[in-house]
Amino acid sequence: MHPFSRLFRNIQSLGEEEVQELLGPPEDALPLLAGEDLNHRVADALNLHLPTADLQWVHKTNAITGLYSNQAAQFNPHWIQPEFPELHLHNDLIQKLQQYFGPLTINEKRKLQLNFPARFFPKATKYFPLIKGIKNNYPNFALEHFFATANYLWTLWEAGILYLRKNQTTLTFKGKPYSWEHRQLVQHNGQQHKSHLQSRQNSSMVACSGHLLHNHLPSEPVSVSTRNLSNNISDKSQKSTRTGLCSYKQVQTDRLEHLARISCGSKITIGQQGSSPKTSYKSISSNFRNQTWAYNSSRNSGHTTWFSSASNSNKSRSREKAYSSNSTSQRYSPPLNYEKSDFSSPGVRGRITRLDNNGTLPQCLWRSFYNTKPCGSYCIHHIVSSLDDWGPCTVTGDVTIKSPRTPRRITGGVFLVDKNPNNSSESRLVVDFSQFSRGHTRVHWPKFAVPNLQTLANLLSTNLQWLSLDVSAAFYHIPISPAAVPHLLVGSPGLERFNTCMSSSTHNGNDSQLQTMHALCTRHVYSSLLLLFKTYGRKLHLLAHPFIMGFRKLPMGVGLSPFLLAQFTSAIASMVRRNFPHCVVFAYMDDLVLGARTSEHLTAIYSHICSVFLDLGIHLNVNKTKWWGNHLHFMGYVITSSGVLPQDKHVKKLSRYLRSVPVNQPLDYKICERLTGILNYVAPFTLCGYAALMPLYHAIASRTAFIFSSLYKSWLLSLYEELWPVVRQRGVVCTVFADATPTGWGIATTCQLLSGTFAFPLPIATAELIAACLARCWTGARLLGTDNSVVLSGKLTSFPWLLACVANWILRGTSFCYVPSALNPADLPSRGLLPVLRPLPRLRLRPQTSRISLWAASPPVSPRRPVRVAWSSPVQTCEPWIPP
């Protein structure tokens, strides 16, 4: 049925004879449909012209919102946070894959090397203050969202997905280190790494015996025992560790005094002749700036754990003994580690033994509330004093490594949303690294192939048994180089963010900036913390502290991540495909699809792949593993042997939205954009395709309103109620050729020549399109040869609207191949000349598979390699099945 038959009969400006002519033979109707006058008359009848500016626009239509209609995000206080398994790919992944699948191809090696490890080094990076770490997307649930997001980040850290910043040059994480992390090891499982300890001892001995004495002591030879010097300093360090009362400046002064005493004939004195130690320190320490050791008493055991007065004495003594036994391996510390440290030593009630960036003593907010008197009935002091042991202020992972300088800043904010539109019970972390997609810090991401609709139909429209697999937390499988951590920083500002007048640091030893901390003591905060305490328990203290973390695995908020994930999964699919040539295996992002002729054979392949993936460290989501039978559901489509159709849920959603559109009201262009996005998904399955939406495209491009008439709306509804599948292309030889001039057209086949003229001159592209439509109508050929690039592209939205709609209906399922004008046998008939008698050019269509590497011809598996399936395959190996 003609797509415009009902529409033309409902337009009163078109007479009955004119309608019959427009619906008549194509050689007469197609040139008329290209006329400008007819298109304007139909547009006036359908009210498709853009409205005037004095009308008031509609900004919301039921489920679709437009301009000035920001939809508030919904926070779920009962969100379930996902649990992440130990995601750790095998350390020698490429060698392990070669054991399973044999020698890898060049492309497979290249793709895997891009991901092992991934590298991300933008030219410029903007750093934001820590207070912007957690975005306040839910103002009514700010406190609940803050603790839920902080808990999500700590969950990722415990799974080995994030690094925790200890100081500006040190990172700590949980899990097994990779080979590139071994080179930066500081400590592993609480033990100081040998290479790091040896390098620190060597540098310290050289600094003591050589550089320092040469610059600041007399020129005559001096006998200095570096062993005694190091032991003396170590004894002082242990003593100060036990007492917990020695400051950083005092340690430096003691070391300078020791160097002065061992120098023979030196006149350097400290603390004598009426000069204060502070003055002497300032006058001398400048010469020792680059060679002074930083005293860090919490290198290995540095958790600030807070206990109440009742249970403090016994626990502190046991911690002192355990700590002093390990202090011999910590006698030297890198410079700046203590000055920039974010951790503290084992704490005693009311005492902090760490320094902040200004050399003063910062205060734990939780401890401060304990040591102050309650300000009222809703004071946080009542919550803090309810437990004797709140646990550590921070934690240290299994592995500590060195890193490039990492500032106390972040590069992107985080917040929580629903896991997907159909699952609001679970949460998903959103990382905003949009600075790398705009502005002067924009990064041009690499492009990768995405399967289009025709490619999926060509490759997957087969009568096979299908199975789909889903990689659990696929992005978090791919590791990142530690050097990229300073560009991928997230964090939490701590509970202090809810009181902007307060800072967690103190100045000159007093608590001047902590005097306003009781501004947090409100009824809302108090009741919220009580409810959160039921959820998190003593972990609430850890979540209330500020922290900074960097991604150790691939984050989802960077444009590089989809590219790297696509390379990784396509390389894995290529290996499986090469070893099982009798089945179909392809991957797109984190979805892996297997196809075989029988379900028994598919089960065997599935069991083998699961065991291989488990050994490699790739985790599959068992809950999302689905057996589809002969109807594969993939990317929102239903793929069968007869073609591809959209899933029912998309068709129902489209019909519901389209019926809710009001008639004869100007809708703003944002509503048109959102509606067009929904209609575009199903448009390839309609008779007129994308051309039916050209009036909406025009309104969106003009950034103006659009008015739906009742005729246009009913016509769209009739189009989208009748859907046709997209079928696979066939590899056939071209036997029909078409060509045109502005005044005539010509068609050449193997047995006849056809030609004709137009009633009036037409643009050359329009004439070529009409000639192709006539060739399709009269010969029924599925493959046409033409020399016009516009017709070859298949994009008909640049033609007159009525002609584009009818041409899309006629040429549906038709393929084109290019033939040069000199070799086109229809060229001379289109000019009204007799053609030269010569054979037709032999052009064969190759079905479109170039948009994605789902399948490629590969060499057979070596016969010496053991079979991959334990029992004999139902498919004969001598006749492998090859996708079309």
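Glycine is treated like the rest: Cβ placed from N, Cα and C.
Marked as Mg(2+) binding site by Swiss-Prot on the basis of sequence analysis: D470, D590, D591. For the recorded site, D470 (Mg(2+) binding site), the DSSP three-state label reads strand.
As annotated by Swiss-Prot, compositional bias 'Polar residues' applies to 222-241 (among others).
According to Swiss-Prot, the feature compositional bias 'Polar residues' maps to 323-332 (among others).
The domain 'Reverse transcriptase' annotation in Swiss-Prot covers 398-639.
Note on the region 'Terminal protein domain (TP)' (1-184): its mean pLDDT in the predicted model is 88. If you look up Swiss-Prot, you'll see 1-184 marked as region 'Terminal protein domain (TP)'.
Annotated region 'Spacer' per Swiss-Prot: 185-387, in sequence order, evidence recorded as sequence analysis.
Taken from Swiss-Prot, the feature region 'Disordered' covers 218-241 (among others).
According to Swiss-Prot, the region 'Disordered' annotation covers 299-345 (among others).
Swiss-Prot lists 388-729 with the feature region 'Polymerase/reverse transcriptase domain (RT)', giving sequence analysis as the kind of evidence.
The Cβ of D590 (Mg(2+) binding site) has 19 other Cβ atoms within 10 Å, all protein chains considered. Around the Cβ of D591 (Mg(2+) binding site), the number of neighbouring Cβ atoms within 10 Å comes to 16. Of the chain residues outside the Mg(2+) site list D470, D590, D591, S468, L469, V471, A474, A587, M589, L592, N621, K624 have their Cβ within 8 Å of the site's Cβ mean position.
A sphere of 10 angstroms centred on the C-beta of D470 (Mg(2+) binding site) encloses 15 other C-beta atoms.
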